[in-house]
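**Student:** Got a structure here, written out as structure tokens. Questions coming.
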Amino acid sequence: MAPKRKASVQTEGSKKRRQGTEEEDSFRSTAEALRAAPADNRVIRVDPSCPFSRNPGIQVHEDYDCTLNQTNIGNNNNKFYIIQLLEEGSRFFCWNRWGRVGEVGQSKMNHFTCLEDAKKDFKKKFWEKTKNKWEERDRFVAQPNKYTLIEVQGEAESQEAVVKALSPQVYSGPVRTVVKPCSLDPATQNLITNIFSKEMFKNAMTLMNLDVKKMPLGKLTKQQIARGFEALEALEEAMKNPTGDGQSLEELSSCFYTVIPHNFGRSRPPPINSPDVLQAKKDMLLVLADIELAQTLQAAPGEEEEKVEEVPHPLDRDYQLLRCQLQLLDSGESEYKAIQTYLKQTGNSYRCPDLRHVWKVNREGEGDRFQAHSKLGNRRLLWHGTNVAVVAAILTSGLRIMPHSGGRVGKGIYFASENSKSAGYVTTMHCGGHQVGYMFLGEVALGKEHHITIDDPSLKSPPSGFDSVIARGQTEPDPAQDIELELDGQPVVVPQGPPVQCPSFKSSSFSQSEYLIYKESQCRLRYLLEIHL
């Protein structure tokens, strides 16, 4: 084997230490976090399909607003019902709209001159559809063959302020505020625009058959997503331990589609009746939770702008919300060239991704957490592909243990030494006539490797005495061409050669190697790549 060539690269770790390295399964820990989250503040809007929605004098009375949903796979039901009590001066209206999920549906407007009469009409309709009292909605209990209350949240007022801030000068009463010029370079400005794009989030939801009309961005609450996790947990338990007297998978699937509305058009909603379908819905909810996280970041209140003369540019504000330093690399730097070679040599041989930009990543607190493994050797720079909709969440929260209960190598964080393997997990967005995607390169402290050549989805940790699990593939980048980058004083192997056959693993069930760690702290994100596919 040729000696490894070294290139020295130094990065600064964060000075804030994050305590603890115990990792939990992401699915259950995410569900618990959502359940424990405080209720979101609601800003209630008039239903956009209501003819009064463009009348600024019409508003929803107090919190008399509800979105109901009902899915029954056996009867091919997948329907919604919206009720709002509207007011304008001394006039009151009870607005009802209903239909199949994904369609505008039918509507009805009742007029009242007495508020109490309007309230009675609202409460009566709520009772008819749910068999729950409006006054007891905080203790809502879903009833058979009735609608379920869906918790949604109006678009935050602060978001409107952010949009308005796009203009060079903003006046708020007698106080004049000026938006500062953006401090980010053009490539990073475009990155921040993309990973916080509402249109991108909506497209990601549409690809998952989620009803973006029922759950437009900014409206889905943490508590509602948590109910989706609970419904999937019930489905998983029913698959593992079927009983004759329990709910059927079809009934439990209907419960899931009721709390997380899906748009299937006029087609019958498909039952969640296999581990593969269940896993797809788990992954979907994790993406949904990450979308909610990105939206929560943007909706978080900043300083009161009316008290200052200058406000940050919206892109600077979003960048600061990530709590992550992104440094754009010049294409002439040694790091960039090494990454470019790594991509070209291990990318798809028919259509290799086109590298556009590379950012050095320094997540707040991650350097200190990674330091816990400073004595663990055998470090490699490895690929991780992802959905563009979760890039902001990853930059904020890092890579987390994914619930691969049906995964080939168990519950861990998956990496690859060949770009073409990880690129298969990249979901892109359309931007400027191109399909734009993002990939991460992480420094992974592998330590002592345990090799496998057949699937083992039961793995939750390496065997005793080992630090990682490698599903050895039939090919691997030519180790004779590996180089080393020095990152924070540690040598990190970076493949530079094309994939070659591995005679020792020619019978492996894995065509390409997969690298698994089971502690989130064993990885540090080092680079973010923008690619065109």
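Using N, Cα and C of the backbone, Cβ positions are placed for all residues, glycine too.
Taken from Swiss-Prot, the feature region 'Disordered' applies to 1-30. The N6-(ADP-ribosyl)lysine annotation in Swiss-Prot covers LYS6. Annotation comment: Swiss-Prot describes GLU12, GLU24, GLU32, GLU160, GLU230, GLU309, GLU310 as ADP-ribosyl glutamic acid, evidence class similarity to another entry. Sequence annotations record features per position, and here Swiss-Prot assigns motif 'Nuclear localization signal' to 14-18 based on sequence analysis. Look at Swiss-Prot and you will find 57-147 tagged as domain 'WGR', backed by sequence analysis. According to Swiss-Prot, the ADP-ribosyl aspartic acid annotation covers ASP138. Residues or ranges marked as domain 'PARP alpha-helical' in Swiss-Prot (evidence: sequence analysis): 181-299. According to Swiss-Prot, the feature domain 'PARP catalytic' maps to 313-533.
Would you situate these features in the structure and describe their surroundings?
**Tutor:** Every protein chain considered, the tally of other Cβ atoms within 10 Å of the Cβ of ASP138 (ADP-ribosyl aspartic acid) stands at 7. ASP138 (ADP-ribosyl aspartic acid) falls within a helix when secondary structure is assigned with DSSP.
Averaged across the domain 'PARP alpha-helical' (181-299), pLDDT for the predicted model comes to 82.
For the recorded site, GLU310 (ADP-ribosyl glutamic acid), the DSSP three-state label reads strand.
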**Student:** Cα distance, GLU230 (ADP-ribosyl glutamic acid) to ASP138 (ADP-ribosyl aspartic acid), nearest Å?
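**Tutor:** ASP138 (ADP-ribosyl aspartic acid) to GLU230 (ADP-ribosyl glutamic acid), Cα-Cα distance: 18 Å.
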**Student:** Given the modified residues GLU230, GLU310, which one has the fewest other C-beta atoms within 10 angstroms of its C-beta?
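**Tutor:** Candidates: the modified residues GLU230, GLU310. Fewest Cβ atoms within 10 Å: GLU310.
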**Student:** Do you know offhand how many angstrom separate GLU310 (ADP-ribosyl glutamic acid) and GLU230 (ADP-ribosyl glutamic acid) by C-alpha?
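**Tutor:** About 45 Å separates the two Cα atoms.
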